[in-house]
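A.B. asks: My structure is below; once you've seen it, I'll send some questions.
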Amino acid sequence: MEILNNFSLKNYNTFGIEAKAEQFVAVHSVSELKSILEQNKNQKKFVLGGGSNMLLTKNIEALVIHIDLKGKKILKEDADYVWVESQAGENWHQFVLWAIDQNFGGLENMSLIPGNVGTTPVQNIGAYGTEIKDTFVSCDAINIESLEMRTFNKEECNFGYRESIFKNEVKDQYIITSVVFKLTKQNHKINTSYGDITAELAKNNITTPGLKDVSNAVIAIRKSKLPDPAELGNSGSFFKNPILLKSDFEKIHQNFPEMRFFDISETEVKIPAGWLIEQAGLKGKRFGDAGIHKNQALVLVNYGGATGQEILDVSKTVQDTVFNTFGIHIEAEVNII
Ligand code: EPU
């Protein structure tokens, strides 16, 4: 375990932003992680997982700890379910593909989401009608100050739309080291209710899809809309879809009758921010090396040489334009550092 100084993070964030870590170390086991935390008690620390949900706007004046814990195992199983534990540093998509290969169901709708397993609970990742909370059992985490290990069960995680306890009450206090999922072995709950999946399966004449079919459909949809970070720097959806009270929405809807919306409760609706950004005329717009993706307006992209500040400026332009057009504030989903 070597601590490196003045280390470039360009290959450690999917936006591909050039920023330096004052110090950087990759840890490969919980015991390495513990000793690094112990030896650097008074040092400022920054935890880095897959780097797929952050925008670096400056150098990090801290010890950056890259969580590179690998491994997965079956904890227990019965006739219907299997409990699988994955270490935090496993690549999420590889983990999903592995589960599908074992015929374990529940993760297939979340194929091709960038990032590592350990960061999935932090923002309760989700796609195409499924969220991590649907299969999540618990996660183990280490307290950065006391070094005590703690298991968080599902209730304790307080999962919400792209939300959890890790973004709120215990923010910056814990490092997740492993996650346990409960997956189906048979009677898989195939979820094709999200419109795009139904259409993609129909296109391929698949009427009774299995896990692999759903995964392939999701992969095809994502590839058609979302840029591959290896080719074009990005962090997935940059903004959250705003949630409005129905009473507020109704007033806005009168002025914009074509506005898309989804009922999410008796009193609230969710508006697709991608639609708002597109209608505000920003889809595909480029400002230097930073821009708004041409196929999915919710995604901001780095054409190569953009700085984090330039991407942040574009995000502010997007927020202001959407607000001035519709009177709706859209909030960043990505962590801005
Ligand atoms: N839309 C537009 N223009 C756009 C983009 C979207 O009009 O440029 C409209 C679409 O036509 C559709 C609606 O907005 O009616 C929803 O679009 P889409 O199905 O692409 O999903 P999204 O709401 O834009 C969310 C997640 C994605 C996830 C997809 C699929 C958030 C912030 N984003 O996007 O998650 O993949 O649903 O489930 O909730 C991520 O979090 O990084 C991410 C990519």
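Keep in mind that glycine also has a Cβ here, set from the backbone N, Cα and C atoms.
Straight from TrEMBL, here's the annotation block:
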type     : residues : note
DOMAIN   : 17-186   : domain 'FAD-binding PCMH-type'
ACT_SITE : Arg162   : active site
ACT_SITE : Ser237   : active site, proton donor
ACT_SITE : Glu333   : active site
A.B. asks: In which DSSP state, out of helix, strand and coil, do we find Glu333 (active site)?
C.D. replies: coil
A.B. asks: Between Arg162 (active site) and Glu333 (active site), what is the CA-CA distance rounded to a whole number of Å?
C.D. replies: 8
A.B. asks: Just jot down the residues in the same chain as Glu333 (active site), at least 6 apart in sequence, with C-beta under 8 A of its C-beta; none if empty.
C.D. replies: Asn53, Gln123, Arg162, Gly236, Ser237, Phe238, Phe239, Lys240
A.B. asks: Reduced to three states, what secondary structure does DSSP give Arg162 (active site)?
C.D. replies: coil
